[in-house]
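Chemist: Okay, handing you the structure first.
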Amino acid sequence: MAWFKRSNPPMPKGPDHKSRVPEGLWTKCTSCGETIYTKDIEKNLNVCPKCNHHYRISTKKRLELLLDEGSFVEFDAGMVSVDFLEFKDSKSYQDRINQAVAKGGSKDAIVCGQGNIEGMPVEISVFDFSFMGGSMGSVVGEKITRGIERALERKTPMIIVSASGGARMQESILSLMQMAKTSAALAKLREAGLPFVSILTDPTTGGVTASFAMLGDINMAEPKALIGFAGPRVIEQTIRQKLPEGFQRAEYLLDHGMVDVIVDRAQMKAQLSSILKMLMRQA
Amino acid sequence: MAQNNQSYLEFEKPIAELEKKIQELLSFSTDGVDLKNEVSKLEKKAEQMRAELFSNLNRWQTAQVARHINRPFTLDYIQHIFTDFVELHGDRNFGDDHAIVGGLARMDGEPVMVIGHQKGRDTKEKVFRNFGMPNPEGYRKALRLMEMAERFKLPIITFVDTPGAFPGIGAEERGQAEAIARNLREMARLTVPIIVVITGEGGSGGALAIAVGDRVLMLEHSVYAVISPEGCAAILWSDGTKGAQAAEALKLTATDIKELEVIDEIVPEPVGGAHRDHKAMADNLHEALARNLKELKKLSEPDLIEARYQKFRKMSRFIE
Ligand SMILES: [Zn+2]
């Protein structure tokens, strides 16, 4: 292990080079450039104590952060994707699934279940961006839909924490249909008068944004999260213009009326609890 | 109506040559030489060639046919299948999007709401229609018209033909994602029958945003996928020219998608593709629309909505 790891230039470039906590005892923050003891970032919920930059956080940590201790019960943990189209680019989809599963985290790009927020029972789904870029295929769509249906059955609120590149290409038309399926389930939840809070974290794009993630009664975002329909590169190539400063960041969306509120990670649970209690007319 | 000024796709070259020869022979025969036999022999051959070629299209070729410049667009279908069409404009909020058209019309005398993507044929119209790529206000206009249809108990028929929703700064600022998402949610609960026809390109979320219905039909040579073959190639092969490979991988033809039970029916096209005979294509589609609508009208409102929910609910493949 490197004692000190410079985050630049060895950090891999790409859409997420700014968002992972670099390894090593000391970290040079990719946002403010300050050198910080890595443990201090981790203790601070993966948020830079100097500049408030929100790095990505694991599903496990996210659930610990939002739910009452020990209250989480996972559902459909064993559900796995299948390569029904025999989709192959440089690697087959099956190999990609196997490799992602072998990393030892989740079996697909989402973790779903029930838990309590300050005593209030909720259904919650949390995306795992480290699993194939949080892409949505049949498993993600099915697990979310079951979560919404459980919320309907138990008359609880539904929460989805998104971090996703969008629909999973390797499942082609069926991944597109997950957008319709999850949105249809949310129509039922809405009719039943149960709240849906969509928490948008970095990044939330494509078919995930263009379905449930934008349909929250409350759309709550983390600071500076990239949120959009089309990716910035696609837009730049299409219109051949430079994109405006801060384009598709949470603050930009707030400004354009697309999210209700931006909440720091440390305040997320308290804010969520307060909102849900009012919507559920509880003390 | 045969379409004049045929523009031929790359793989149609042998047909193009044959048809050129026929034209030449025809111009000879006006000089008093009777070449009727020869011409009819060649015409038969061209017909055969066309039938064979179009029954064996690969997926990339199908995508080319689906995007053919002479392929009938929404306004062409409206002209052939409906009467009394009144186009209704605007989302009552921002503007009127020319990439989506919609309005009241009658099919077989019965009032319906018709909505569809609209592409252009010549350069000027292509630009006017934004190449069939809607902005949020297009989807919001579509929803406004669908909600109106619900209030007046009119069935909804949509025609889907888009490369995708427009990726632009304004589109993002005005909530492209929200506009699409809202349509998905609202179309799931509308209390009137909805029939969706994928007529050309079913391009991703921009297509799906008007494609949640009780029946989803696809024209024989149309395509439907989560991303365009070029877009897919650019991401997975880092090479936008590998569209042919991506098209194969995406399994985007009507036959592929019927197999996955995402659509209910494939509507046959005239030999050589819909672009060769708009009227014949529209007749086939008219029959399918009338038949499906008749079936849907038998369902009560709650049954209709629950069946629509279950239809999309079961679209997935996984192991548990
Ligand atoms: Zn910092």
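Backbone N, Cα and C atoms are what each Cβ position is placed from, and that goes for glycine too.
Straight out of TrEMBL:
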REGION    A:1-20  region 'Disordered'
DOMAIN    A:25-283  domain 'CoA carboxyltransferase N-terminal'
ZN_FING   A:29-51  zinc finger
BINDING   A:Cys29, A:Cys32, A:Cys48, A:Cys51  Zn(2+) binding site
Chemist: Given the binding-site residues A:Cys32, A:Cys48, which one's Cβ is surrounded by the fewest other Cβ atoms within 10 Å?
Modeler: A:Cys32
Chemist: So, by DSSP, how many helix, strand and coil residues make up the zinc finger (A:29-51)?
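Modeler: Across the zinc finger (A:29-51), the residues distribute as 6 helix, 4 strand, 13 coil.
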Chemist: Among the binding-site residues listed here (A:Cys29, A:Cys51), identify the one with the smallest other-Cβ count within 10 Å.
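Modeler: Lowest Cβ count within 10 Å among the binding-site residues (A:Cys29, A:Cys51) is A:Cys51.
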Chemist: Which residues, same chain and not among A:Cys29, A:Cys32, A:Cys48, A:Cys51, have a CB within 8 angstroms of the centroid of the CB atoms at the recorded Zn(2+) site?
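Modeler: Counting only non-site residues, the set is A:Thr30, A:Ser31, A:Gly33, A:Glu34, A:Ile36, A:Pro49, A:Lys50, A:Asn52, A:His53.
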Chemist: Can you tell me the mean pLDDT for the zinc finger (A:29-51)?
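Modeler: The answer is 94, the mean pLDDT of the model over that range.
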